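A short write-up of the structure that comes next.
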Amino acid sequence: FCHNMKHKQVLSVIAALFDTLLFGGIIFGWPSLDFVLKREGYFSSKCEIETGDLKNGTTVASSEKSLNCPSQDIALNLVYTLSTTIGGVSTFPLGYLFDRFGAWKFRTGSILTFILACTAIACSNKETSWLLYIAMPVVAVCSFAILTSNTPIGYFCVAAQATVISIIYGAFDSSAAVMVVMKIASQLGATVAEIFTFYGALLLLSLVYTFVLMPRMHVPFNVPDGYQYGVTECCCFNNPISSPQNTNTPNQSRRKRSGVSESTPLLANQGEEQKTFSSTLKDLSYWLNVLYLSILQLRLYVFYGTLNQWISTLTSNREQQSKYITAFGFIQLTGILIAPFSGVMTDMMTKYYRKSVTCSEQVVRKRGVCFTIGCTCLMATIFSALVLIPVLEIQYITFFVQNAARTFLYAGNGAFLATTFPSEHFGKLNGLTIGIASVVSLLTYPINILVLKVFGGSFVVVDSVFLGLCVLTFVHPVVLFFRTKPSKKTSTCYC
């Protein structure tokens, strides 16, 4: 669907996908890393360890046999909560820094910091478990920085920007599977130190990609013909084609080749009066999106942070628990395959409303994305209902539905912001949205304590409340749909 892209631009999109897949949302593979950290005895100093068990004539390692240890669960959950919250909150300043300094400087600083965090984890052990409180949040922040810088690569594909952006967000979701690979490596004998040393070395590939296949500053919203970027910018700073300015004329021909009418703006910031950042914040649809993202992200974060504990309520067999945790991680990998459906749905509905009703481009985009948001709410509701069924085998379905809901959530959020509001504010809006949602996600930690200390490890009450909250999120797509409903008399839209 992006047949008019240049070969280098195609390589940039592919590299952005692999970069996000390897280094994007690895923190969301936490259940697998949680398993590895428990295996190596992190935060186990207060645990009651049963060291006398024998298996095949050998003593079971204490790090393998941590029993009756809510203190370890709470400590590790705090690491996860701090990491996801700080990572999410950081997206607003990250967006500002990316807008201010451009891709090269922003990514170089982020990648080097990422490598330092991996080095700190590699140097940690069960006696220095506290290092995780520092290193894992830094990993999360740098992961979000990777996503922030890769998202605008979607602008290279004129005809299907929402789809490409959705795929990039799908790669962010699927990167949770990286932790599964770490878990398998651990079971094969690799230590945490060896795993994160190797992972830190892989980040050097991301640094190469930064200077070879990314522009020095930003991908222009309307990419002109002959646009030069990457290493060529080192000696072509004065080349006007490599600048985002003065791109109207060449872009017109590019839009013709992409099958997009010249009279049809690609996104909300074309063909309409430019919005300031403050005026964008007054849009009701933006704040409904924040509420919707906050509720569903909290639902997902609680599930990820307590997955090992929740599985243990369904089976006490440690091998079965490990089997389901591994299956969960691999199912996360399908996010990159599911994500295009979110973007394709948005693009198809947008094109339909552009042809069928007389609306401003901004209203057309809102109508196009509201169906994707509605599907996300439906999948989140089904997922919350499935976790209430205490049947172990059915949880494979739960994992798939959860993964689809999460993929649509972040892909839809990115596409909603990128296609509804001015592109020059994308970094700030995306950062503010995820930042607010991440502050709400701080509730993950007290919810975990509530389950362990008050409900005796039972998740029924918490899951029931989340089911009700997921139903509540339908307010967002319903309001968005009716606010952009065409008038019966004039066939024009209002908002």
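Placement of Cβ uses the backbone N, Cα and C atoms for every residue, glycine included.
Note that this is a predicted model, so its numbers are computed, not measured.
TrEMBL lists 245-265 with the feature region 'Disordered'. The transmembrane segment feature in TrEMBL is assigned to 12-33, 74-97, 128-146, 153-172, 192-212, 284-304, 324-348, 369-392, 404-422, 429-447, 459-482.
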Positions whose Cβ lies under 8 angstroms from the transmembrane segment (404-422), at least six residues beyond its ends: 28, 151, 154, 161-162, 165-170, 172-173, 267-269, 274-275, 280, 283, 285-286, 289, 293, 296-297, 300, 335, 338-339, 341-343, 346, 350, 362, 365-366, 368-369, 372-373, 375-376, 379-380, 382-383, 429-430, 433-434
Per Cβ pairs under 8 Å, the stretch of 74-97, 192-212, 324-348, 369-392 packing most closely against the transmembrane segment (12-33): 324-348
Surrounding residues of the transmembrane segment (324-348) on its own chain - C-beta under 8 Å, 6+ positions past either end: 17, 21, 28-29, 31-32, 35, 160, 162-174, 176-177, 179-180, 183-184, 307-308, 311, 315, 368-369, 371-372, 375, 392, 395-396, 399-400, 403-404, 406-408, 411-412, 415, 419
